[in-house]
Amino acid sequence: MINIRPDEISNIIRQQIESYDQEVQIDNVGTVLQIGDGIARVYGLEQVMAGELLEFDDSTVGIALNLENDNVGAVLMGPGLGILEGSAVRSTGKIAQVPVGDAFLGRVVNSLAKPIDGKGDIPASETRLVESMAPGIITRKSVCEPVQTGITAIDSMIPIGRGQRELIIGDRQTGKTSVAIDTIINQKTEDVICVYVAIGQKASSVAGVVSTLEDKGALGYTIIVAANADEPATLQYIAPYTGAALAEYFMYKGKATVIVYDDLTKQASAYRQMSLLLRRPPGREAYPGDVFYLHSRLLERAAKLSDALGGGSMTALPIIETQAGDVSAYIPTNVISITDGQIFLSGDLFNSGIRPAINVGISVSRVGSAAQTKAMKQVAGKLKLELAQFAELEAFSQFASDLDAATQAELARGVRLREMLKQKQNSPISVEEQVAIIYAGINGYLDTIPVSEVKGFVEKLRSYLRNSAPQFISSIQSEKKLSPENEELLKKILTDLKG
């Protein structure tokens with residue numbers, strides 16, 4: 001017969017009573033009323049927040065965007081093929097967050113910061129809100145350090161500073177992405193973290209960018225966020241904010257970062273698609289009323305932080321595609337008004353062989369001149385003036401048959417300056433070499449060289465400076481100005497090369 005010990009049984013019962021958890025878990029559950037086109041109408045989610053993540057039966061995640069009297073309009077962040085009318089939906093109580101960390105460098109991720117490059121999982125050190133607040137007035141500092149793009153025309157006449165928002169705008173196939181990629185490649189020696197966000201692009205284009213960065217040794221300090229053209233509109237809409245969250249992680253660690261949004265026209269189109277399907281009232285060009293806020297809250301996250309916060313920075317290079325050069329359309333005017341200047345790329349210049357096809361006349365940098373190095377300022381002022389005069393004379397000379405010698409000389413110099421500013425794709429030039437090249441152009445050293453040989457002379461000068469006069473480059477790097485001694489040395493080099 002088994003010996004039953006009542007005290008042991010009572011102890012076990014007592015322990016079970018004590019360990020019994022009386023806490024009730026309350027789930028906010030709703031039902032799918034309607035599903036289609038990446039939009040779900042959900043009934044019964046009474047306690048849901050705007051922007052809250054929702055979980056559907058098939059594990060698809062959605063975002064609650066429209067909170068209406070009798071239902072909630074949610075956008076899906078996936079195909080949602082397993083969602084049916086009547087399926088259950090659970091609110092998560094969370095706002096969209098993405099993992100961030102140093103391990104993301106050199107990787108290609110999707111809009112939710114999940115790896116898509118086949119190199120395995122990415123260990124994340126923390127998470128950040130996709131839609132986080134932009135730095136306030138007190139936490140910012142004015143732009144004071146340069147971001148060198150390696151493109152002579154930009155670094156001299158449209159300078160960009162750390163923490164600036166500089167728009168790259170132009171028609172399709174005018175070299176907008178090339179300008180951004182050259183800027184990323186040029187950060188190799190600058191200790192700058194780069195984030196490239198591809199929105200609504202062909203997967204082949206993104207693969208091309210990845211291989212270019214890899215070939216140039218720039219992928220190691222770059223993160224690529226890709227929301228390809230075949231992905232749901234929600235993921236194309238959210239991709240820039242994910243890129244900004246990844247860049248902010250480094251910015252708040254005191255690092256300088258550059259983020260490229262390629263391009264915001266496609267993000268606005270994705271947002272328009274979502275808004276119209278959610279039956280929000282359309283405005284100008286059928287965009288919703290808050291499309292300005294869509295871009296302003298994104299671009300305001302770019303900043304140069306105060307020294308108290310580590311002095312980090314996020315420089316934003318948004319790209320906008322225009323139709324037939326029309327910068328007065330809705331989205332271009334919005335983004336021009338938000339940013340601190342724009343680089344305008346012209347299809348006519350591109351087709352006439354001037355590459356990068358920068359229209360210097362209507363391109364501007366509103367705050368970058370404060371960050372420009374003294375050496376560049378010494379030569380850039382005259383370059384801008386001479387090119388402006390040349391543009392005016394060139395237009396005038398088309399109607400005049402006989403021109404005096406001074407005008408002809410000015411036109412000849414202008415043609416050579418324009419030739420001097422042409423540059424190959426993916427081959428950025430250091431700022432020290434740029435100073436020497438511009439000095440040669442504005443001081444007449446190219447005037448007697450045939451136009452077809454200007455490029456060759458520029459290459460010869462760069463090669464000579466690197467191999468035979470490294471003291472000139474190191475002196476400008478340390479002093480940041482063109483001293484009288486350096487000027488004499490440069491004059492001697494230019495005279496020798498011409499002779």
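Every residue gets a Cβ built from N, Cα and C, even glycine.
Keep in mind the model is a prediction, meaning the values are calculated, not measured.
What Swiss-Prot says about this protein:
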type	residues	note
BINDING	Gly170, Asp171, Arg172, Gln173, Thr174, Gly175, Lys176, Thr177	ATP binding site
SITE	Ser363	site 'Required for activity'
Whole-number Å value for how far Ser363 (site 'Required for activity') lies from Gln173 (ATP binding site) (Cα to Cα): 18
Residue among the recorded positions Thr174, Thr177, Ser363 whose Cβ has the most other Cβ atoms within 10 Å: Thr174
Binding-site residues listed as Gly170, Gly175, least Cβ neighbours within 10 Å: Gly175
Output field, ATP shell: CB within 8 Å of site CB centroid, site Gly170, Asp171, Arg172, Gln173, Thr174, Gly175, Lys176, Thr177 dropped: Glu321, Leu345, Gly347, Phe350, Ala357
Number of Cβ atoms other than its own within 10 Å, given for Arg172 (ATP binding site): 11
Structural state of Arg172 (ATP binding site), classified by DSSP into three states: coil
Packing count at Asp171 (ATP binding site) (other Cβ atoms within 10 Å of its Cβ): 18
Mapped DSSP class for Ser363 (site 'Required for activity'), helix or strand or coil: coil
Other CB atoms, at most 10 A from the CB of Lys176 (ATP binding site): 26
Alpha-carbon spacing, Lys176 (ATP binding site) to Ser363 (site 'Required for activity'), which is rounded to whole Å: 13
